[in-house]
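Record features (Swiss-Prot):
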type     : residues                                                             : note
ACT_SITE : ASP194                                                               : active site, proton acceptor
BINDING  : LEU73, GLY74, LYS75, GLY76, GLY77, TYR78, GLY79, LYS80, VAL81, LYS99 : ATP binding site
COMPBIAS : 7-21                                                                 : compositional bias 'Acidic residues'
COMPBIAS : 437-466                                                              : compositional bias 'Pro residues'
COMPBIAS : 471-482                                                              : compositional bias 'Basic residues'
DOMAIN   : 67-328                                                               : domain 'Protein kinase'
DOMAIN   : 329-399                                                              : domain 'AGC-kinase C-terminal'
MOD_RES  : SER15                                                                : phosphoserine
MOD_RES  : SER417                                                               : phosphoserine
MOD_RES  : SER423                                                               : phosphoserine
MOD_RES  : SER473                                                               : phosphoserine
REGION   : 1-26                                                                 : region 'Disordered'
REGION   : 407-482                                                              : region 'Disordered'
Amino acid sequence: MAAVFDLDLETEEGSEGEGEPELSPADACPLAELRAAGLEPVGHYEEVELTETSVNVGPERIGPHCFELLRVLGKGGYGKVFQVRKVQGTNLGKIYAMKVLRKAKIVRNAKDTAHTRAERNILESVKHPFIVELAYAFQTGGKLYLILECLSGGELFTHLEREGIFLEDTACFYLAEITLALGHLHSQGIIYRDLKPENIMLSSQGHIKLTDFGLCKESIHEGAVTHTFCGTIEYMAPEILVRSGHNRAVDWWSLGALMYDMLTGSPPFTAENRKKTMDKIIRGKLALPPYLTPDARDLVKKFLKRNPSQRIGGGPGDAADVQRHPFFRHMNWDDLLAWRVDPPFRPCLQSEEDVSQFDTRFTRQTPVDSPDDTALSESANQAFLGFTYVAPSVLDSIKEGFSFQPKLRSPRRLNSSPRAPVSPLKFSPFEGFRPSPSLPEPTELPLPPLLPPPPPSTTAPLPIRPPSGTKKSKRGRGRPGR
C-alpha cells in the first residue's frame, strides 16, 4: 500500500530503470556513423525521429479543465460531488463522478488528512468488480479532485426507502455481492468500518459498488486491532463503542445490521438519541420478526454476536465462512463475481447522463466549482504530495474475464408504504464516546418472545417500523469527503 500518496508514476522527464547497465560509447553510436564505418547493427531495429511527441511521453496532463460539469450529485462539509463529462484527452466524452475536496478544511485536523490519504491510496490500489473505480486524481492549489466511475443507479438507500423492505432473495443478492467486496478488502488488510445503505451504490446494470473509503483502516491483518471511534452509530459494532479494540469482524456486524435493515425496515438497534442507541447496541435484546425464514434468522443472529470471536466471519475464514452459510446455499459465487447473476433491480435510465436515481435536492442545483483562491502554506501542501494519479487503463484492469451484459429481470416490488429514512449519525473519528460504567462488556443476550405476526390480510411482510409521512433529513447523505 502506498504511503502518503506516494506513487511510482513516470514524469515528463522520464524515469530510469533501476539496475539497467549504462550504454557504452559504441552502444550509443548513431546508426548513420555505424553505416559510414561499413557496419550494420545485428537484429531488428527501428529509426525514430526525435520530436516533441515522441520524447518524454508520460501520463496525461489532467486537471479541472478536462471536465465539463453536468450535475450536482451530492454536497457536504468537505466539498461536492459532480457528474462530469471528459472533454479533453483520452476517454473523450466519458461520464464520471468528480469528488472535489477543499484542502483548507481537511488540513485543519491530522486525522482528516490521514483519512483522505487512506481513501486516495485505497481507491488507487484496490481493484474489484464491487468496489468503485478511481480513474484520475489531481489537485490544484486549494482543492483535491477524485474522478470516479459514475454509478448512475444511485444509492441502495434510495431503493430501500422506496421499497420499504426487501424480499429475502433480493436481500440475498445484495448481501452476497457486499460479502465478496468486504472479503477482498479484508484480504488486503483493510477494514471498511462504514457499511450502510448510503455508501452502497448501484451501477447502471444493478450491481453494487462500495464507495466512500474515508473511514477505512489499512494494515489490519489477522490478530491486529485498532481503537479509532468512527462510523455510523446504527451500524457500529459494540466493540467500537466500548473501545475494547476492534478488527475486521466489525464489518460483519455492520453487514448483519444492514441485513436486518433490508428485511425489517430499520436497523436492529435504534432509539430517540445517540446515547440510548449506543446502550441498545451494547446490551439491548435482539427482536426478530416471525416472517423471516430459519436461515435468515440464523444468519442475522450469527452476524450480531456481541463477542467478535464468535461472530460469523470473525475467525480466520473471514468471508469464506459467511459464504458457506445456508442462507446463500443457492448462490453461485463464481457467476456472481463475474456479473453473470441477474440483479433483482435494474435502474431505468434514459442515457449515460440520467440522474433520476439521485436526490433532486442536489441534481436541481446549478453545478459550479467555485474559484480556487485558497493559498495554503508550504507545510500544508506537503501533506498532498504525490496525489496525482492516472489509471493505467480505465475499467479494463478489473473487468477482464467478467460478463457485463446481464439479462434484464423485472424488479419485484412490495405493496408497502415508503420507508421513512433513518438518520445516520456520522461521527468524526476523533469524536469521543465514553460508555457508562454501568454498561457491561458485550455479551450475547437471549431473544425476547417473537413479535406478533402481521395481520392475515397483509400480502407482503410489513416493516417493524411504522412508515412516517414526513421525511427526516439524512445526515451525512452525499458527503463527498467523509
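Just so you know, glycine gets a Cβ as well, placed from its N, Cα and C.
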Cβ-Cβ neighbours of LEU73 (ATP binding site) (radius 10 Å): 26
Cβ atoms near GLY79 (ATP binding site) (within 10 Å, other residues, all chains): 25
Winner by Cβ contact number (other Cβ atoms within 10 Å) across the binding-site residues LYS75, VAL81: VAL81
Three-state secondary structure, which DSSP defines for GLY79 (ATP binding site): strand
Local backbone state of LEU73 (ATP binding site), from DSSP in three classes: strand
Per-region confidence, the domain 'AGC-kinase C-terminal' (329-399) (mean pLDDT, whole number): 77
